[in-house]
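Enquirer: Just passing along the structure, written as structure tokens.
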2 protein chains.
Amino acid sequence: MEQFNKSQETHLWYTEYHTPNSGITLKVKETLLRVKSPYQELVILDTYEYGKMMLLDGLVMLTERDEFIYHEMITHMPVNVNPNIKKALIIGGGDCGTLRELSKYPFIENIKMVEIDEEVVKASKKYFPQLTSGLSKNSEIIIGDGIDFVEKTNEIFDLIIIDSTDPIGPAEGLFTDAFYSNCRRILSENGMMVLQAESPYFHADSIKIFSDRLKRIFGFITPYIAFIPTYPSGMWEFIICTKKELDTSLKSKSLIGDFEQMLKYYNHDVHSGAFKLPTFVKKIYGI
Amino acid sequence: MEQFNKSQETHLWYTEYHTPNSGITLKVKETLLRVKSPYQELVILDTYEYGKMMLLDGLVMLTERDEFIYHEMITHMPVNVNPNIKKALIIGGGDCGTLRELSKYPFIENIKMVEIDEEVVKASKKYFPQLTSGLSKNSEIIIGDGIDFVEKTNEIFDLIIIDSTDPIGPAEGLFTDAFYSNCRRILSENGMMVLQAESPYFHADSIKIFSDRLKRIFGFITPYIAFIPTYPSGMWEFIICTKKELDTSLKSKSLIGDFEQMLKYYNHDVHSGAFKLPTFVKKIYGI
């Protein structure tokens, strides 16, 4: 007969509820950091399955094991659609993963990242050095309010990446007409704004409203999808917003030639595949 | 001050551990069925998020809400690659979802489904009528051992779909060289065998070994992927095995014309997109 083992190890589990009725649960080695910044609660957990994991206000932002998918897909998809990018702007993205990916393109002359919460950048430097190393010399990290930045700047950008949390908490102002209108104003004629747009599986209604607004403000939107195991449903949506209709085809095969072998998700096949949407996703966009 | 509410409802949660250190957790309304068949434990839970859910030996097989993805993708991908399918064989698939999808093609003259566990078919008829209704008049449900069937039959099939559980329990014999060799023997020259091959994210090592074996036995393998929220990591792999190199392009645009609007996942875009593998998945296959 099996005996009850009285001297077991103590195990902690972190559960993120993706909806009130479902979630993922991960076994935790230890809590490495828990701080309240002026903007949000920032926690770094060390998990058995996904390695170190960053949470903001109780939601998974990234994990060591699968961060490559989000960061490669929010970056290489737009750049390979329009390789004439000289100036890029990242709003948010304090973990520096998006900046790391953009840094791989030597032809981008200037990259500005505007992150409101310095604690996120500091924590990333300490706990996720793979995200913060190898950044381009042409990059600049500005600790400040992205809403304010896009309102006041007169610089013109060829690529704006909104790498933010969801529309609760400090990122709320990043989901307003005023913010998007300013982004459009500082976008070059062939420029692109890219953002993450949650799960088409769980958030169809909010994606519908959200994407209709983006279309109204920018003119054209082009959605694409990627597998992200630690995000709700594992299916994650990105939207490219443009002033003109977007030709999504790959513009230059040699563009990522030199570092394609460094990437773990994005490749030329994925480039075209990610724009191919399942029927229930097309229906959200009425396409 | 918030008061502790003593009279709360009792809530049950079902957690499936995808690895020893991670899983999904779902809030449960009630247990509708729990039987021990001669082969396995069969449980039907009613969940808040995914509706009714079938579990075999404690693993999620399908849910009302996302079953369409698995069943559409294991069926329409191969049929649209080779529309000259007259005779089809399903091994397993007792829930009848795969049979339902195959039944949509009037040009398939005969479909046999060989399921070992009658309890699965019965439970599906009772709890998932949407899976078991509208089956083709040309279809035949055989309660029997699939291993035995492929060993003894001399019929030749144009499509064999292995719609089984993982290689533990009653499906163990479906993962042997002997079984696959028999499948190859009863496959027509341009025929295809399709199977589900777990998550490339969690099961890379076993997919590597498994796919090498299939390649050795059949000659050619062609993997593709789909998003399935209730399966581990949400990224699920399928493999088409053939005797000749497979041209994966869509063979006839009109093929699913009449019922494309009935489908919720598969469409002509998805057809090509699903073969576009992320780099870390390509590496598993050495492609």
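Placed from the backbone N, Cα and C atoms, the Cβ positions cover glycine too.
Heads up, here are the entries from TrEMBL:
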- B:D163: active site, proton acceptor (ACT_SITE)
- B:Q40, B:E115, B:D145, B:G146, B:P170: S-methyl-5'-thioadenosine binding site (BINDING)
- B:H71, B:D95, B:D163, B:S164, B:T165, B:D166: spermidine binding site (BINDING)
- B:11-243: domain 'PABS' (DOMAIN)
Enquirer: Sort the recorded positions B:E115, B:G146, B:D163 by C-alpha distance from B:H71 (spermidine binding site) and give me just the closest.
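Expert: Among B:E115, B:G146, B:D163, B:D163.
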Enquirer: I'd like the Cβ neighbour count for B:D163 (active site, proton acceptor), meaning other Cβ atoms within 10 Å of its Cβ, all protein chains included.
Expert: 26
Enquirer: Of B:G146, B:P170, the binding-site residues given in the record, which has the fewest other CB atoms within 10 A of its CB?
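Expert: Among the binding-site residues B:G146, B:P170, the lowest count of other Cβ atoms within 10 Å belongs to B:P170.
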Enquirer: How many Å separate the two farthest-apart Cα atoms among the spermidine-binding residues B:H71, B:D95, B:D163, B:S164, B:T165, B:D166?
Expert: 16
Enquirer: Quick one: Cα separation, B:E115 (S-methyl-5'-thioadenosine binding site) versus B:S164 (spermidine binding site), in Å?
Expert: 9
Enquirer: Using a 10 Å radius around each Cβ and counting other Cβ atoms from all shown chains, which of the binding-site residues B:S164, B:T165 yields the largest count?
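Expert: Within the set of binding-site residues, the most crowded position is B:S164.
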Enquirer: Around the Cβ of B:D166 (spermidine binding site), how many other Cβ atoms lie within 10 Å? Please give the count over every shown protein chain.
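Expert: I count 16 other Cβ atoms within 10 Å of it.
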Enquirer: If you count Cβ atoms within 10 Å of each one, which of the binding-site residues B:D95, B:D145 comes out on top?
Expert: B:D95
Enquirer: From the recorded positions B:D95, B:D163, B:T165, pick the residue whose C-alpha lies nearest to the C-alpha of B:Q40 (S-methyl-5'-thioadenosine binding site).
Expert: B:T165
Enquirer: In whole Å, how far is B:D163 (active site, proton acceptor) from B:D95 (spermidine binding site) when you measure between their Cα atoms?
Expert: 10
Enquirer: If one measures from the C-alpha of B:S164 (spermidine binding site) to the C-alpha of B:P170 (S-methyl-5'-thioadenosine binding site), what distance in angstrom results, rounded to a whole number?
Expert: 9
Enquirer: Whole-number Å distance between the CA of B:P170 (S-methyl-5'-thioadenosine binding site) and the CA of B:D163 (active site, proton acceptor)?
Expert: 13
Enquirer: Under DSSP, is B:G146 (S-methyl-5'-thioadenosine binding site) helix, strand or coil?
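Expert: Reduced to three states, the DSSP call for B:G146 (S-methyl-5'-thioadenosine binding site) is helix.
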Enquirer: Over all shown protein chains, what is the count of other CB atoms within 10 A of the CB belonging to B:E115 (S-methyl-5'-thioadenosine binding site)?
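Expert: For B:E115 (S-methyl-5'-thioadenosine binding site), the 10 Å Cβ neighbour count is 25.
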Enquirer: List only the single closest residue to B:G146 (S-methyl-5'-thioadenosine binding site), chosen from the recorded positions B:D163, B:T165, B:D166 by CA-CA distance.
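Expert: Result: the closest of the recorded positions to B:G146 (S-methyl-5'-thioadenosine binding site) is B:D163.
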Enquirer: If the S-methyl-5'-thioadenosine site is taken as the center of the Cβ atoms of B:Q40, B:E115, B:D145, B:G146, B:P170, which further residues of that chain fall within 8 Å of it by their Cβ?
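Expert: These residues sit around the S-methyl-5'-thioadenosine site: B:Y39, B:G92, B:G94, B:I116, B:D117, B:S164, B:A171.
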